[in-house]
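Here's the structure we're looking at; comments come further down.
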Amino acid sequence: MKRHLFSIGLITSFVLSAVAHYSGIFNSTLQLILSCIAIIYVAGFLGKATESVAHYAGQRLGGFLNATFGNAAELIIAFFLVKEAKFEIVKASITGSIIGNLLLVLGLSLLVGGLKYKEQSFNVKLASHNGSLMLLAVIALFIPAAFASTLTPQDTSTLSIVVAVILVVSYLLWLFFSMVTHKDILTDEAIEHGEPAWSKKLSIFFLVLATAMVAVQSEWLVGTLEVFTHQYGLSELFVGAFVIAIIGNAAEHSAAIMLARKNKIGAAVEIAVGSSLQIALFVAPVLVLISLMFGKTMDIVFTTFELVAIGVAAIIAKSISQDGSTNWYEGVLLLVVYCILGIAFFLV
Amino acid sequence: MKRHLFSIGLITSFVLSAVAHYSGIFNSTLQLILSCIAIIYVAGFLGKATESVAHYAGQRLGGFLNATFGNAAELIIAFFLVKEAKFEIVKASITGSIIGNLLLVLGLSLLVGGLKYKEQSFNVKLASHNGSLMLLAVIALFIPAAFASTLTPQDTSTLSIVVAVILVVSYLLWLFFSMVTHKDILTDEAIEHGEPAWSKKLSIFFLVLATAMVAVQSEWLVGTLEVFTHQYGLSELFVGAFVIAIIGNAAEHSAAIMLARKNKIGAAVEIAVGSSLQIALFVAPVLVLISLMFGKTMDIVFTTFELVAIGVAAIIAKSISQDGSTNWYEGVLLLVVYCILGIAFFLV
Amino acid sequence: MKRHLFSIGLITSFVLSAVAHYSGIFNSTLQLILSCIAIIYVAGFLGKATESVAHYAGQRLGGFLNATFGNAAELIIAFFLVKEAKFEIVKASITGSIIGNLLLVLGLSLLVGGLKYKEQSFNVKLASHNGSLMLLAVIALFIPAAFASTLTPQDTSTLSIVVAVILVVSYLLWLFFSMVTHKDILTDEAIEHGEPAWSKKLSIFFLVLATAMVAVQSEWLVGTLEVFTHQYGLSELFVGAFVIAIIGNAAEHSAAIMLARKNKIGAAVEIAVGSSLQIALFVAPVLVLISLMFGKTMDIVFTTFELVAIGVAAIIAKSISQDGSTNWYEGVLLLVVYCILGIAFFLV
């Protein structure tokens, strides 16, 4: 029943968004809303397909698939932005995804969970490792920015590419560490997956289909956003960091909050923090490497505002999660920082 | 006996300071010294009156009264500075109060306590929460400064007001959290209050009287300071951050050090850290909102030096207190950082 | 047998390097290589002599001797650089020593140890204290830089000297704390020393001889480096921070890695972190005070790049060591940060 509703929503939103895109009969606001609804649906579809394929692939490869496809929607949206050399909006949306996960998703999960349970606790070891990885991510994004002002554009590109390669390697080693050599230490309450929705063949077909749908929708969304941004005089920084990021992470938001309500705060934290780590250590550097294909290198130099936002989010999230126990007020703290950042970005 | 001595000191210092203010027969240095002695006495009187009223108000409301009236003297001094639009000196004294509490008061407490007891320990949960709140305070003061350079003065005002409102709300939620929903987790050795000094009616009368005396003295002090500062060529930054701050916190200093000597290090830490949190999350934003009444908005944009001082103090205090155990050398570390900051501010 | 080989290496490398220096028949690259080999040998000799004298001096004075002579080679190299007023390269090499110890030495130890043992653990108390001290060091180097831009050169000198004196006093108090008042709390697995290699008299003679040899070699090395740097167009920043630092710390590198392989990770961490603390809290300020003798004060103002490097290294090392347990991936994280910094410094 629930699955049928989802299918209907998926198809309807996709068709409506296609009509809006090709006919041009709707105004830009309505077109944006339709695009957003459609992308949330196709991202959800992609998530289900990934999970189903991961189930058939076995635990280890499945974990890897889940981890790397988890941010596939964001990666695809960003791919089309990179292709059009819209590097500023790409970096803004990377920033937004990181702070959205660390502050909004994590904050809402802690608040919602904390209103139901006085205290919730999770594996401290995992929190400590996540904290160190997050630090690496912040450092890796911070160093190029600190040095860029005295480098030639050529050297900045070189530095960006080298840092990107180093980060991807670090990320792959992290997967190896957490899924192979130290799997037992880091395991917390597992995220429940249940039975796969479809047969093996159908799952693979749906994974391909969903990826294609996300790709198409992303391209339409990028076009719509451009019109909308210009029309309302919003800055690309704000749109990238708040609008795109919230849409791209809609799936994580609902999943994490549902888990927090079921007292599985460890799994909720893992989704929020794990997702932001993936963006910083995998999606961002991969986009730099992808930009090489299009002939114009995207550097990894973030603006001061973006670095402030990422740094601040990482520090407060680390401070709150390091004792392995959470409550509603810690959720409030994260949301407060998110609000302050949001207002500052809006005013810039 | 002791109480009689205090009463005599209070009245004598108040009268002498009044004579100095109205006759103008003393030179500015002597006038400043008299003002400082008088303000320490009236601040002490206000503290006693608050405690006595809090006793009659019952535990919960009493805790609230203690927490919000705890920095009443500083709030009143700053009120007169805001009224005269001396925003720079207000922000310098906010900075000074924060670092004075985190470095000087906490440092002396740890050192004095540590010289008597090899190790002293306190509730780690409380330290962890205080640390996260301190981070919020630093972040909330840091973000406007990071963004201010690219904002119009109008937008800077807007951002300051919004941040101020958010901080006051966060502070009230924190009081609710620590005094209502999670009271049991955060309780450490209680700060002993003993029997109230006066009857209920007299306590309320003294609270009003003491508040009025602090207000009068503060206005006189601000006038005297101005003359003194100009005469000796001291910077407002130094006077605000070190002279005013030390005077305004004299009561906390002596209380915390006495508690440390009695091995009640938890209560001493609570006074020092709690007081600096109050300044950052309550006094500072309230002053911004008060400035609106006088028609000229005080922004919440601190100078780089002030942010460096606050950030540095918060980081080292957090690092030292997070293991819930203290010793004399940790006191030395805090005092050393205070000295380095003091010299740097003096030279600027 | 092993000792004979060392003696032969020591004498041969010293003689070859002397020939290279006085004859000038080798090209600058070969001369540099010979100098480096020779300095590694004489630094090793100085280390052995110090340890042997320390043995005869008794535990307490011996610990002090070990702690202060531990970085004697670096201090002597830097002495000659200070004498020639090459302040930039001195500060670069101080930076390099700190990050080399915190990232390269610690990273390799954790990686090598972690590949053999799944998890290694050490005294958390010590890690916590080391972390706070490291923070003090970062703060003490950071504050002068933050304030320097608005100070006169005269005031910058004053600030540097005062900070230097404060740091040396803090360091001496730390030795008193860790070796006298709180010795028992901080003791981890002791670093094995074994029987002294020589008699008491011979040890003292060798200590004097080794110090003299290090001094001579250091002077030669500085000359050679200058030629080499100019010839290959390398920046003094890169040479100071990476080349000199790696050479000067060769002894620590091998010692720490050997200990990690023997599962004595506590001792390895102590060497790496302790050594970087010594550089920051003792060697750097002493060099400032030494520069006074030569009539031209070296200020303690580091460049932004150097501060970024030191700050980043301290933060990630603190984050990784604070749980008192290590694994191979934490080693990878430290090495990754070292690589990123290395590339950035090379490109500047």
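Think of each number as a place in line: the chain as shown, counted from 1.
Here the Cβ of each residue, glycine as well, is placed from N, Cα and C on the backbone.
Since this is a predicted model, take the numbers as computed values, not measurements.
According to TrEMBL, the feature domain 'Sodium/calcium exchanger membrane region' maps to A:28-179 (among others).
For A:203-341 (among others), the entry in TrEMBL reads domain 'Sodium/calcium exchanger membrane region'.
What TrEMBL records for A:30-49 (among others) is transmembrane segment. Sequence-remote contacts of a segment are chain residues at least 6 beyond its ends whose Cβ falls under 8 Å from one of its Cβ atoms, and for the transmembrane segment (A:30-49) they are 6, 9-10, 13-14, 16-17, 20-21, 69-70, 72-73, 77, 197, 203, 206-207, 209-211, 213-214, 217-218, 220-221, 224-225, 227-228, 247-248, 250-251.
Residues annotated as transmembrane segment in TrEMBL: A:61-82 (among others).
For A:94-112 (among others), the entry in TrEMBL reads transmembrane segment. Under 8 Å from some Cβ of the transmembrane segment (A:94-112) lie the Cβ atoms of residues 71, 74, 78, 120, 134, 137, 240-242, 244-246, 248-249, 252-253, 256-257, 259-261, 265, 268-269, 271-273, 275-276, 279-280, 283-284, 287, 302, 306, 309-310, 313-314, 316-317, 320-321, 326-328, 330-335, 337-338, 341, all in the same chain and six or more residues away from its ends.
Listed as Cβ neighbours of the transmembrane segment (A:133-152) (distance under 8 Å, sequence separation of 6 or more from its ends, same chain) are residues 98, 102, 159-160, 163, 166-167, 170, 174, 273, 276-277, 280-281, 284, 299-304, 307, 310-311, 314, 317-318. Annotation source TrEMBL lists transmembrane segment at A:133-152 (among others).
Packing against the transmembrane segment (A:158-181) from elsewhere in the chain are residues 60, 63-64, 67, 129, 133, 136-137, 140, 143-144, 147-148, 151, 278, 280-282, 284-286, 288-289, 292, 297-301: each is 6 or more residues past its ends and has a CB under 8 Å from a CB in it. What TrEMBL lists as transmembrane segment is A:158-181 (among others).
Look at TrEMBL and you will find A:202-222 (among others) tagged as transmembrane segment.
The transmembrane segment annotation in TrEMBL covers A:237-259 (among others). Sequence-distant neighbours of the transmembrane segment (A:237-259) (same chain, 6+ residues past either end, Cβ-Cβ under 8 Å): 36, 39-40, 43-44, 47, 73-74, 77, 88-93, 95-97, 99-101, 104-106, 108-109, 112, 191, 221, 225, 228-229, 265, 267-268, 271-272, 275, 303, 305-306, 309, 342, 345-346, 348.
Summarising the annotation, TrEMBL assigns transmembrane segment to A:271-294 (among others).
Among the features that TrEMBL reports, transmembrane segment is placed at A:300-317 (among others).
The transmembrane segment annotation in TrEMBL covers A:329-347 (among others).
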As a test: from A:202-222, A:271-294, A:300-317, pick the stretch that has the greatest number of Cβ pairs under 8 Å with the transmembrane segment (A:329-347).
A:300-317
